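Student: Here it is: the structure, laid out below.
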Amino acid sequence: MPVEGGSSSGSASAARHPKQKRKAHSLSIRRTNSTEERPPGILRGDMLEGQDSKLPLSLRSNLLDLFGQIEREFENLYIENIELRREIDSLNERLTGDGQTIEGGDPTKGALKTKASHSTSQLSQKLKTTYKASTSKRLYTFHGKIGGPRNFSVATWELWGGDSWIVSSFKATTGSRALCQLLKEYVGHRDGIWDLSVTRTQPVVLGTASADHSALLWSIETGKCLLRYAGHAGSVNSIKFHPTEQMALTASGDQTSHIWRYMVQLPAPQPPPDVSAPCDDDQDSSDREEGEVDGEGPCEVPTVRVPTATLKSHQGVVIAADWLVGGRQVVTASWDRAANLYEVETSELVHALTGHDQELTHCCTHPTQRLVVTSSRDTTFRLWDFRDPSIHSVNVFQGHTDTVTSAVFTVGDNVVSGSDDRTVKVWDLKNMRSPIATIRTDSAVNRISVSANQRIIALPHDNRQVRLFDMSGVRLARLPRSNRMGHRRMVCCTAWNEENQSCNLFTCGFDRQAIGWNINIPALLQEK
């Protein structure tokens with residue numbers, strides 16, 4: 001997660017120390033035609049020798065075999081495609097005298113599709129399993145350029161001088177009813193956004209915490225930046241708002257947490273954009289650069305530089321902070337493996353919550369009870385009970401096999417935990433021996449959130465997806481992601497706002513922007 005550091009994307013990306021991301025290694029493989037025989041005496045190991053790579057020889061050999069299979073399958077399809085073109089040309093010549101033409105004679109038009117062989121389907125499934133594709137409930141088939149797929153979401157591979165071979169995924173559509181509608185994009189940070197939150201008092205605004213050392217407050221309706229907090233000397237890793245007053249709590253890589261007051265005036269609302277799409281949109285956003293952001297940063301806005309209170313008892317990066325019920329105390333989580341409980345009025349340390357074996361990644365408080373849950377890189381999360389002022393108890397839960405990135409309370413008696421092990425687990429506070437539901441995903445899960453009224457879980461992923469599930473683990477939808485909407489880099493956090501009988505979901509990511517979505521809850525539950 002975030003650390004203190006410079007405001008550049010590179011420094012902030014490298015700052016995710018407790019959650020290292022694998023770098024993509026380029027692998028150069030010599031492509032040989034299947035019709036040509038390999039010169040005698042040259043083994044695969046000889047072919048790989050001398051190539052600059054840190055991969056083990058056995059792994060590179062397996063990759064070479066895999067790509068060789070891919071090439072042979074596509075070569076067979078290419079030959080089959082050429083034969084079909086010849087047949088169409090021949091039939092068109094016969095029908096020319098009658099003024100008829102077979103649709104698809106033009107290689108760039110028509111609706112004729114080639115059939116995928118059984119071995120191709122097996123290879124496709126093997127590739128999806130090997131590279132951990134996004135779903136196991138889809139049927140993929142290969143199609144040539146003739147006709148091309150229609151009414152499908154497609155990914156195109158450019159091979160052999162521009163010929164396109166298309167892998168299409170069949171999926172159910174939601175008709176004319178859009179489940180998710182883009183509300184607004186909030187652009188202005190100069191580095192990745194780690195966290196975001198919505199105020200619980202009027203005026204309702206959106207707050208974002210960024211690696212550029214600042215926190216910004218936004219008008220939800222207009223997307224205009226209203227205020228900037230610039231009191232931290234490091235990455236701002238978390239932001240939470242006081243339950244009843246206009247105060248914010250931020251945690252930073254400068255080893256401190258700040259409490260600061262704000263006053264904002266909302267601008268006149270603007271009509272919503274006419275942009276909508278089904279929630280299961282699969283289009284890629286490869287046409288845009290990962291770090292590219294539309295628009296410019298906010299112009300001159302009021303800036304707060306001095307906090308009301310500074311909490312500084314930690315010896316490491318403060319990764320998260322939250323208000324306890326009532327707003328008189330706050331809890332902070334740090335990379336020094338401890339969580340601290342402070343009095344807001346005096347800024348004094350009340351309790352140091354120790355016991356985690358590795359760095360903490362998140363902390364969360366119960367909305368109505370004096371309960372705190374902390375998560376850590378040690379694969380556990382801990383439940384701290386402060387309901388009895390004289391003593392505080394702790395329970396340790398070991399339900400994950402990798403870093404627990406976040407654990408949050410629901411309005412009821414549940415805890416939802418997410419992890420780098422690509423699972424999300426739902427727990428009952430009354431019996432936490434084992435989870436009551438487990439959600440398995442295809443990518444690491446970051447800071448999750450649960451809607452208070454509908455109890456819908458929003459999962460932000462490293463692979464740029466955001467998925468919605470109910471408390472029983474049933475998948476409801478996936479937010480649209482295409483080259484005109486959605487995040488272009490890792491999604492770090494989600495937050496709900498259910499004011500005024502509407503349901504909005506906010507997401508933020510390392511592409512330097514936050515996005516607001518309007519979720520059609522009745523339609524979403526009906527689709528379920």
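The backbone N, Cα and C atoms fix where each Cβ goes, glycine too.
Caution: TrEMBL annotation is automatic and unverified by curators.
The compositional bias 'Low complexity' annotation in TrEMBL covers 1-15. Positions annotated as region 'Disordered' by TrEMBL: 1-48, 96-117, 270-300. Annotation comment: TrEMBL describes 16-25 as compositional bias 'Basic residues'. Taken from TrEMBL, the feature repeat 'WD' applies to 186-228, 229-260, 311-352, 353-394, 397-437. Per TrEMBL, the feature compositional bias 'Acidic residues' maps to 279-297.
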Student: Quickly jot the same-chain residues contacting the repeat 'WD' (311-352) by Cβ under 8 Å, restricted to those at least six beyond its ends, or write none.
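Tutor: Beyond its ends, the repeat 'WD' (311-352) has Cβ neighbours at 1-4, 17-18, 195, 234, 237-238, 240-245, 247, 249-253, 255-259, 358-370, 372, 374, 376, 384, 386, 392.
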Student: Where else in the chain does the repeat 'WD' (229-260) make close Cβ contacts, counting only residues six or more beyond its ends and a cut-off under 8 Å?
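Tutor: Counting only partners 6 or more residues beyond its ends, the repeat 'WD' (229-260) has Cβ contacts under 8 Å with 1-5, 12, 15, 191, 194-201, 207-217, 303-312, 314-323, 325-327, 330, 332-334, 342, 344.
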Student: Using DSSP, how many residues in the repeat 'WD' (311-352) fall into helix, strand and coil?
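Tutor: So the counts come to 0 helix, 22 strand, 20 coil.
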Student: What are the DSSP helix, strand and coil residue counts for the repeat 'WD' (186-228)?
Tutor: 0 helix, 23 strand, 20 coil
Student: Tell me, roughly as an integer, the mean pLDDT over the repeat 'WD' (397-437).
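Tutor: That region's mean pLDDT is 94.
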